[in-house]
Amino acid sequence: MTELDSLWEAIQNSFRQDTTPVTFDTLIAPAKAISLSQNQLEIEVPTPVHRDFWRKNLNTQLKEFAQRELGRNIEPHYVLEGEFTYTNKKTEDDPTPSFEMDTPLNPHYNFGTFVVGEGNKMAHAAAFAVAESPGSLYNPLFIYGGVGLGKTHLMEAIGNHMLQVNPNSRVKYVTSEDFTNDYINAIRNNTTEQLREEYRNLDLLLIDDIQFLANKEGTQLEFFNTFNALHDRKKQIVMTSDRIPNEIPELQDRLVSRFRWGLTVEITPPDLETRIAILRSKVEEDHIDIGNDTLNYIAGQIDTNIRELEGALTKVQAFANLSGERITPSLASQALKGLHRVAKNEISIATIQKQVADFYNITQGDILGKKRVKQIVMPRQIAMYLSRELTDSSLPKIGNEFGGKDHTTVLHAIDKIETELKKDTDLQNDITKLKAKLRS
């Protein structure tokens, strides 16, 4: 086996263990190693989407892995199938071929610019599978989660990918409010047949914030018939919502039933590693000079959603520009100070105790009590940790709120959770979800 074959086999095996089967099969396995020189690994990928995904999500891991395996620095170089980099002078920085769009999709919302993490990897894999084979795998695809977590990005990425593969595809992106207005205007102008012609002959319908169809009986009926017409013709439907179908109030049972025909996937708030990766991607894209220590600090302060995370980065940039100072963790702390004082004051220790108890299916009395069973001790320690993180309370104050416990008990709980967070991804996700609930 050659050095190239050995390296590539090891790389593929490593990525296979670290990603979901769908992500590996659709985005990683199709790539091929073409050549290996002293300091460059040339990798062939089938589409620009694959190329962008490797660059954004796998590049750093690949270089670190190659360094360990070969003992030298290797720079990955990505080429499209049939693209000969040295004879036709194309480079990996060539722009993605343009395509015509007759639908208002944001071209920035593509799979290459989507940062994959623990909280969104299933949704990302499902979205890419749908984009590769619309109408056949998961139809409909229903993506749900909180505000600012990337649902619209993934939805529009499906549309952009489909138009890139086939510019003649009939793709339509609308919010549920747009659909409602189209329906009302069609009734008012006696153009319902034109409306149905427009919507029921699509190849892909993307409808955002479907929960706002609640309480609109006429619109729900029209969408029900549109859904059936598209699904019967094996045309893809993708929807987003802030909750699962059966939790949308006043949504007709027949719609709930049809929304469940395909696949429902959740996007949760990004964990710390994903937040750092999102910030790093943003500063690289915007050519901003910010050190990793500062990015790590910002990512540690904002754990609600991506919009607030990028907003915090913008605030730090503005603070630096106005003050004329270099961006450092200290400056970032000053820039974000007011933001977190407001957030902390809105959350009480009692609220934290109740949310943690509900999350782990125990009682608030268990949190305040003295039982030492693991199922109660860990949630109690988490509640103490969050009380320190999300309020301005002192250790003695927190101890008093937890049934009169000593401040050293609180300190031990905080240290315990901080230690576990460094190695326990399940705990990281639990903490992220709890913080999101408490701040929502």
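Each position is counted from 1, following the chain as shown.
Backbone N, Cα and C atoms are what each Cβ position is placed from, and that goes for glycine too.
The ATP binding site feature in Swiss-Prot is assigned to Gly148, Gly150, Lys151, Thr152. The feature region 'Domain I, interacts with DnaA modulators' is assigned by Swiss-Prot to 1-72. Swiss-Prot lists 72-103 with the feature region 'Domain II', giving sequence analysis as the kind of evidence. Under the heading region 'Domain III, AAA+ region', Swiss-Prot lists 104-320, citing sequence analysis as support. Residues or ranges marked as region 'Domain IV, binds dsDNA' in Swiss-Prot (evidence: sequence analysis): 321-440.
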For the region 'Domain IV, binds dsDNA' (321-440), the DSSP residue counts stand at 90 helix, 0 strand, 30 coil
Smallest number of other CB atoms within 10 Å: among the binding-site residues Gly148, Gly150, that is Gly148
Note down the number of other Cβ atoms within 10 Å of the Cβ of Lys151 (ATP binding site), including every protein chain shown. 26
Relative to the Cβ position of Thr152 (ATP binding site), how many further Cβ atoms are located within 10 Å? 18
Using the CB centroid of Gly148, Gly150, Lys151, Thr152 as the ATP site centre, which other residues of the same chain sit with their CB within 8 A? Gly145, Val147, Leu149, His153, Leu154, Thr240, Ile267, Ile306
Taking helix as H, G and I and strand as E and B in DSSP, count the residues of the region 'Domain I, interacts with DnaA modulators' (1-72) in helix, strand and coil. 47 helix, 11 strand, 14 coil
Restricting to the region 'Domain I, interacts with DnaA modulators' (1-72), what is the model's mean pLDDT? 82
